[in-house]
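Pulled from TrEMBL:
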| type | residues | note |
| --- | --- | --- |
| TRANSMEM | 7-27 | transmembrane segment |
| TRANSMEM | 47-65 | transmembrane segment |
| DOMAIN | 63-156 | domain 'Ferric oxidoreductase' |
| TRANSMEM | 77-95 | transmembrane segment |
| TRANSMEM | 110-129 | transmembrane segment |
| TRANSMEM | 149-166 | transmembrane segment |
| TRANSMEM | 172-188 | transmembrane segment |
Amino acid sequence: MKLQKKTLSIITHGISALMFCYLFYLLTIGGFGSDPIKELEHFTGKVAINYIFIIVLIPIISKVIHWPNLFTQLKALGLYCFTWATLHLSIYITFDLGFDIALFFNELTARLYLAIGSICWLILLLMALTSSKKAQRILGKYWGYLHKLIYIATILTSIHYIMAVKSGKTEAYIYLTIALLVCTYKVISEYKLKERSQI
């Protein structure tokens, strides 16, 4: 079991490190095309979205293949997700807005998709800040409630993606469909668990 956890950790950190290396590689070869800032925003946002979906799919995959050790990777995946989401937001604030925080808050009120994306980032921030075992002990049962916000973030992130892209929305709608299915599955599972506990 320990070997399995160690192997999973190596895979998780290894793939995540490769993603950062790939980003660096694209930056060095000018791989983000004629509008590098927009493409860089899209790339980092897409990676963050994929991490979110991996996180919410792990409980389902773990149950199907009977591999509970997958749960041991949730903390690392969550922190990587937050890192990429922060990169995504930082690139927008730094390069698109010239690090004008006042302008950023004006943009939040003017563009709904930015407000939605910022809510998702705040959810990820809360989860990152409370990812330690100490935070779990302090928060008790509320820790579980807080970390279930990832499911709301999954839907909101998909909506943010749909609203942010001007064309080629098919992929974004696929993300939203998967998000809704996963969240529906989660609600049904929670309801059945509650029913069994009352018997």
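Cβ coordinates are placed from backbone N, Cα and C, and glycine is handled just like the others.
Sequence-distant contacts of the transmembrane segment (172-188) (same chain, six or more residues past either end, CB-CB distance under 8 Å): 49, 53, 56-57, 59-60, 148, 151, 154-155, 157-159, 161-162, 165. When DSSP labels each residue, the domain 'Ferric oxidoreductase' (63-156) comes out as 82 helix, 0 strand, 12 coil, counted as helix, strand and coil in that order. A contact links the transmembrane segment (47-65) to the transmembrane segment (149-166), because at least 3 Cβ pairs that are 6 or more residues apart lie under 8 A.
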